[in-house]
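Quick notes on the structure that follows.
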Amino acid sequence: MSIKLVAVDIDGTLLTDDRRITDDVFQAVQEAKAQGVHVVIATGRPIAGVISLLEQLELNHKGNHVITFNGGLVQDAETGEEIVKELMTYDDYLETEFLSRKLGVHMHAITKEGIYTANRNIGKYTVHESTLVNMPIFYRTPEEMTNKEIIKMMMIDEPDLLDAAIKQIPQHFFDKYTIVKSTPFYLEFMPKTVSKGNAIKHLAKKLGLDMSQTMAIGDAENDRAMLEVVANPVVMENGVPELKKIAKYITKSNNDSGVAHAIRKWVLN
């Protein structure tokens, strides 16, 4: 059965190390679209952090979709209509916020509107995230967060501090939440039902596609869930070694237009 849905991660996959979309990748995406293939961005970023990429790839028109917040939100890329939205509760927020204080690491919560932190001394990686995803930062005390629609929370800090903190997180948190380390300085907390994999399942069903018609392309541990559910998992040459063990195909690196290579070799052929 031919591949009709291709989910593509952004950082380390779609983009080069200097954060560009190569001409070759752009052309391959257009070729796939012309053959009726749904090319879908699947990212941990919020929608504000991918709008410019959707525009560059011409994936912001009728019939296009985007997976954001690692699967916490699936939207129509043209209208913004929400197909899937899974939120953390206020109790989830409090529990995770107070854990971060106990562990001595910075924390922020993300909604569709912005990045919220209770850290009076705002962490540099919160500022980094704000710049990366083009979202404002708001300082709010925990008491002021009661009515916020939180899609994910992030512990953010220096890699050595974060690694030490991770070792002290009680097992209860791993049982209750989906927890992924998306970069050496980001640890993301989401509802247990949230993953890029579940988002792809929802989207494939909406589009009337069988999972045998799906492909995912990624490079990092937060791509594992989507690589495990699709029939055609593709890992970048620059991907994590453990991830390559579950790949059906290994494509070229992100700096060598690996997404274009994968689309042309295994989707359009």
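Along the chain as shown, residues are numbered 1 onward.
Keep in mind that glycine also has a Cβ here, set from the backbone N, Cα and C atoms.
Feature annotations, courtesy of Swiss-Prot:
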type	residues	note
ACT_SITE	Asp9	active site, nucleophile
BINDING	Asp9, Asp11, Asp219	Mg(2+) binding site
BINDING	Ile10, Thr43, Gly44, Lys196, Asn222	phosphate binding site
Residue with minimal Cβ packing [other Cβ atoms within 10 Å] among the binding-site residues Thr43, Asn222: Asn222
Cα-nearest neighbour of Thr43 (phosphate binding site) within the listed recorded positions, Asp9, Asp11, Asp219: Asp9
Neighbourhood of Gly44 (phosphate binding site), C-beta criterion under 8 angstroms, separation at least six: Thr68, Phe69, Asn70, Lys152, Val180, Ser182, Glu188, Asn222
Residues close to Mg(2+) site centre defined by Asp9, Asp11, Asp219, Cβ within 8 Å: Ile10, Gly12, Thr13, Leu14, Leu15, Gly218, Ala220, Asp223, Met236, Asn254
Shell list (phosphate; ref centroid = CB of Ile10, Thr43, Gly44, Lys196, Asn222; cutoff 8 A): Asp9, Asp11, Ala42, Arg45, Ile67, Thr68, Asn70, Ser182, Gly218, Asp223
Binding-site residues (Ile10, Asp11, Asp219), the one with most neighbouring Cβ atoms at 10 Å: Asp219
Rounded inter-Cα distance in Å - Ile10 (phosphate binding site), Asp219 (Mg(2+) binding site): 9
